[in-house]
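*Asks:* Below, the features straight out of TrEMBL:
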{"type": "TRANSMEM", "residues": "A:20-37", "note": "transmembrane segment"}
{"type": "DOMAIN", "residues": "A:107-181", "note": "domain 'Cation-transporting P-type ATPase N-terminal'"}
{"type": "TRANSMEM", "residues": "A:161-183", "note": "transmembrane segment"}
{"type": "TRANSMEM", "residues": "A:195-214", "note": "transmembrane segment"}
{"type": "REGION", "residues": "A:280-299", "note": "region 'Disordered'"}
{"type": "COMPBIAS", "residues": "A:280-294", "note": "compositional bias 'Polar residues'"}
{"type": "TRANSMEM", "residues": "A:356-381", "note": "transmembrane segment"}
{"type": "TRANSMEM", "residues": "A:387-411", "note": "transmembrane segment"}
{"type": "TRANSMEM", "residues": "A:841-861", "note": "transmembrane segment"}
{"type": "TRANSMEM", "residues": "A:867-892", "note": "transmembrane segment"}
{"type": "TRANSMEM", "residues": "A:913-937", "note": "transmembrane segment"}
{"type": "TRANSMEM", "residues": "A:978-997", "note": "transmembrane segment"}
{"type": "TRANSMEM", "residues": "A:1018-1035", "note": "transmembrane segment"}
Amino acid sequence: MAYSQCFSVSLSHTNTHTHTYALSLSLSLSLSLSLSLPSLSVSLFLLSLSLSSFSLSLPSLSLFLLSLSLSLSLSLSLSLSLSLSLSLSLSVSVSLSFPPSLSTFQTEHKMSIEECCRKFNTDIVQGLTNAKAAEFLIRDGPNCLTPPPTTPEWIKFCRQLFGGFSILLWTGAILCFLAYAIQAATEDEPAGDNLYLGIVLSVVVVVTGCFSYFQEAKSSKIMESFKNMVPQQALVIREGEKMTINAEEVVAGDLVEVKGGDRIPADLRVVSAHGCKVDNSSLTGESEPQSRSPDCTHDNPLETRNVAFFSTNCVEGTARGIVVCTGDRTVMGRIATLTSGLESGKTPIAKEIEHFIHLITGVAVFLGITFFILAVCLGYTWLEAVIFLIGIIVANVPEGLLATVTVCLTLTAKRMAKKNCLVKNLEAVETLGSTSTICSDKTGTLTQNRMTVAHMWFDNQIHEADTTEDQSGASFDKTSASWAALARVAALCNRAVFKAGQDQLPILKRDTAGDASESALLKCIELSCGSVKQIREKNKKVAEIPFNSTNKYQLSVHETEDPNDNRYLLVMKGAPERILDRCTTIIIQGKEQPMDEEMKESFQNAYMELGGLGERVLGFCHLLMPEDQYPKGFAFDCDDVNFTTESLCFVGLMSMIDPPRAAVPDAVGKCRSAGIKVIMVTGDHPITAKAIAKGVGIISEGNETVEDIASRLNIPVSQVNPRDAKACVIHGTDLKELSQDQMDDILRNHTEIVFARTSPQQKLIIVEGCQRLGAIVAVTGDGVNDSPALKKADIGVAMGISGSDVSKQAADMILLDDNFASIVTGVEEGRLIFDNLKKSIAYTLTSNIPEITPFLLFIIVNIPLPLGTITILCIDLGTDMVPAISLAYEAAESDIMKRQPRNPTRDKLVNERLISIAYGQIGMIQALGGFFSYFVILAENGFLPSILVGIRLNWDDRACNDLEDSYGQQWTYEQRKIVEFTCHTAFFVSIVVVQWADVIVCKTRRNSVFQQGMKNKILIFGLFEETALAAFLSYTPGIHLHKQIDIDIHLHKQTYIYTNR
Amino acid sequence: MAKDAEKSTWKDFIWNSRTREFCGRTGSSWGLILLFYLVFYIFLAGMFCLTMYVMLQTLDDYKPTWQDRLGTPGMMIRPRGKAMEISYNTTNTETWDMYIKTLDNFLSPYNNSLQAEKNEECTPDQYFVQADSGDVKNNPKRSCQFNRTFLEKCSGLDDHTYGYQAGKPCIIIKLNRVIGMLPGKDGQAPFVTCGAKKEDSDKIGEVEYYPENGTFNLMYYPYYGKKAQVNYSQPLVAIKFLNITLNEDINIECRIISNNIPPGSVRDKFAGKVSFKLRINTKG
């Protein structure tokens, strides 16, 4: 306490004394700063302030270490890196040697129903016997997906504790403990420094490990909430009886019945179906529900109509099928297995950190060995020199950096979560920023996964409907009488209804029961003409023929609105060419006109145009039935049609598409200007895929595919130079035949690529192809079919709302709002954090030099130790932390979305240039600042620089209590140690002060600080916090505690000696 | 295959003969970097020297800026022994010979002839103040004689073994030099007193002090620093243990008694006092 009082006084005195030369120092320093980095001129006067001396009596316990071997640490790190590279190559080979083909494994769809029954010992009417079912259940196991092997929590925790950067700190800690152990064995009073340093290093690693573990645990908790816990039920027929059992108990050979709204319990071979449609979008990417029937329509089991797949949904109708595969043997199960078999590689940031560790180790070993040789030359024993070597290596470990990096990443992850990007793995935060290729699934990611009426054709004109999610788009002329007629037909000839209890919801958000296209029509009419329910009530339905694939139309007969009009209204919709065949007239401007050739041609053009947009076109017609032939009460017979379905009146066309999400085109544009290649990979048809690709800008305006050029120039496709076409659409079947080189060629030479009808393996191949070309690939998708690619990608992005569980499991990041545009946010944040991490690291590394040089000079020129170990920890884990973290909040320097993605081979997080500036330039300036204040303190107390060289042996000798200074005065050990601690404090405060300047230096990389401004409030807070903490550490009497204990122990020992003798 | 590629890239990195690059840079690039660092470091070094020079200019040649650490002057003994422990065997000359040599060396500047030649006799019991008159320095300052004979039986002149052989050893005590220190007020000179730690108090026996009462005469103060007062002779006090208990460790503490030297910090065992251990063996 007495010390701090004395020094508070001395501080004020020192200031008055030092002001005169403070100015000259600052001037000359500013010169050097502007030499090295032009933007640093702000820092000019800050260095000078470092002269002020605070009192901090930190222990100066010598940094002498004794150790068994350096080779231990070296071999440790070597073997570590070896094992790392080994595991990497292993994972690569695993992923390559896993090529099961999904398209050839099933043959049941080609068998007849009888063959199938025989194969599974089942009966087409009675189903399995209960005994057989039980036997099969035991043989095949339950019908559920084996969950991917979950990593035990403790392994996850260990991964946090021992991954990447932590290794560096652990190595340092182990070296420290080792040194302390040997010191304890060889010296009477070992300095505690190594012990403290080791403990602090371990604590830092453990605390940061826990921090990031809990951070990721939080994300996985959100993941858990996605899981659907409701057990699925299935209706099976066994021994002729229908029974509802748990879907898990379904076995191969079971006869299963499904109806609209059910989830398919297993892979089914359909034996009978009534208007059954299934939604395969999560498996194949097709937005449109597919009808199912008992006939085999395709060799490929994924395309054929008579197979319904596990975990897809039956949208409408009913079907009965024999279970052919259960559990992991289903198509879905195989994809899931494929996914969990894949190892995802290291994240780019992990690679960067590894590179950084190599660099740091290189610098540390270089410094260590240089001074080892110097120490040997200076006459230290080789053992002492080895101790110095280890000391220097340990001193190079940036203790605070691990925590800084983790906190920076966490902050960004939080910021991204706020913008609806949930990051599962902390390191993935940066990956999106390095991404150079995005492979995006179409359905559900780029599109709304909801059929919507996009265009109409009536009055011989194509009208565009509003497809945006919020109905902000343009509308069309609704006054025409033809539109009224079309709307009426669409409303009446429609079986879709809104589910009950949704009156509050906007129309587009309501759930419907029924076919996707009918729902689209329902919503379209509800939006433009008001309640469909009322229209239907006014026009009571009298008869109905549902859609079937032979007729390709749907028909219903209604009463008219006008109670006086006793005619019946026949409305029909269906495939446009079939409808047209039945029509003799057409409505134009509300007037019926005969259908002439000209009109037919214009119909054809409209039909072709809409079809070319990838849209599903429906034709509509109606007929007011003559009262004389069909009087009121006429009994319409739908099975044996007893009324006319010819010479109808054509009303118009309506076409539907799964429209792109509103934000997608803009987001794609932003990705493109950010130098990111966007590739569409979809299971859907090429025409639809191409239309959507054009719609969202993946194929930009004016860019043509080979086929486009061919049709424009009217030449065969083979004559077009493929290099002329920047865009291309590749069909899955073509992809199969491409060699690896051809694949590379396509990926390299086309900027705009669409892959259609791709299988999950092919998605994987595409991702691998991109990675082979050096791209960092992001994959977005929501379906099960996307999950292998999601896992393989450098970063997999799944959809939070529409995404399947499997895809979410495989992904690294989840878009909570399903909005592709959130990816752009992710890219922006990722690039920003990369830049800011660079700044943070530069800032943190810089102070390493003023921390190491005191020890080096202590060894080489034998001066009193200018900076103690504990003081170094105060800087690394105390004052430097907040400013380093505050750099994570730094705003972007320029439009980071306008530059190319970084090149992972060239643009490193930490490169030689950063080390050179941090260590070679700024660090050196800082060290000089620190040494200056050190020399000032000693000189003003009587020890001029000239006598300091070589004084160390006497200085640190406890028995030497009359050490003479430059003025002839004599000092006791304690007296000069207090001066030494004052030097530590002064050095410490100098570093704090020069770090003010350094944080401003590191704040910007390209801009000057005047362009960038000081808008980062956290950084300004950091400056104050740093200063306040430094003042606290310097002035709080309790901080002397450490030294006090040391002395007390010493005294205690003495009294012990007295009492025992 | 992959390993070969790896190897060649490593070799290429160190010396790429195609691009004539060493460690990824051409000679001229390395040259420029080295040149930059050379210029940069020369500049930094120059600037550092300049700042140091300016700092040294602000210092006083005769008196350090701060002396607040030296409020209580330290005390020290001669011979120092090994870690403040003096132990020897009276029968074995080799064990105490080094102490004799240390004392001989230490006391040789105090030989009367030398003192008479360099220093002058001053008026005892009063401070020998040699004030500067304003900016005009009164240099060099004169110093007072401290003759070896003042130490009487411990001067080593009569008994060349300083009593070590007889088991009545002399220990010389000195007070650390502090510029400008006036160790006593009202003409009261500070003096040394020695005693044993509690449990040893009956073992210490009789102690004799030289000069009389173990005083540091005031005429030796104030000290003006080694630049102004080149021939300063630090006053000494010798103590002689006349019948100390033999063959036992005895912890002895000597402290300065003065009416204006503040008690030193609890932590500093050598501020205003000095502790040491004495053990005299007589058996084989």
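Yeah, the Cβs are placed from backbone N, Cα and C, and that goes for glycine too.
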*Asks:* Using Cβ atoms and a strict cutoff of less than 8 Å, what residues sit near the region 'Disordered' (A:280-299) while being 6 or more residues removed from its termini?
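*Replies:* Result: 109-110, 113, 270-273, 305-306, 308-309, 311-312, 315-317, 319, 331-332, 335, 441-444, 447, 449-451, 515-517, 549, 616, 658, 682-685, 688, 782-785, 804.
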*Asks:* If we call contact 3 or more Cβ pairs under 8 Å (sequence gap 6 or more), are the transmembrane segment (A:387-411) and the transmembrane segment (A:867-892) touching?
*Replies:* yes
*Asks:* Across the region 'Disordered' (A:280-299), what are the DSSP residue counts per state (helix, strand, coil)?
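*Replies:* Residue counts for the region 'Disordered' (A:280-299) by secondary structure: 4 helix, 2 strand, 14 coil.
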*Asks:* Going through A:841-861, A:867-892, A:913-937, A:978-997 one by one, which has the most CB pairs that fall under 8 Å from the transmembrane segment (A:1018-1035)?
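*Replies:* Stretch with maximum Cβ contacts: A:867-892.
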*Asks:* Looking at the stretches A:195-214, A:841-861, A:867-892, which one shares the most CB pairs under 8 Å with the transmembrane segment (A:161-183)?
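*Replies:* Comparing A:195-214, A:841-861, A:867-892 against the transmembrane segment (A:161-183), the winner is A:195-214.
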*Asks:* Cβ under 8 Å, sequence separation of at least 6 from the ends of the transmembrane segment (A:841-861): give me the contacting residues as numbers and ranges.
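*Replies:* Hits for the transmembrane segment (A:841-861): 63, 356, 367, 371, 374-375, 378, 380, 388, 391-392, 395-396, 398, 400-401, 404-405, 867, 872, 875-876, 880, 883-884, 887, 909-910, 914-915, 917-919, 922-924, 926-927, 929-931, 934, 949-950, 952, 987, 990-991, 994-995, 998-999, 1002.
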*Asks:* At a C-beta cut-off of under 8 Å, are there same-chain residues at least 6 beyond the transmembrane segment (A:356-381) that contact it? List them, or none.
*Replies:* 70, 74, 77, 164-165, 167-168, 388-390, 392-393, 396-398, 841, 852, 856, 859-860, 908-912, 915, 919
*Asks:* Mean pLDDT, the domain 'Cation-transporting P-type ATPase N-terminal' (A:107-181)?
*Replies:* 82
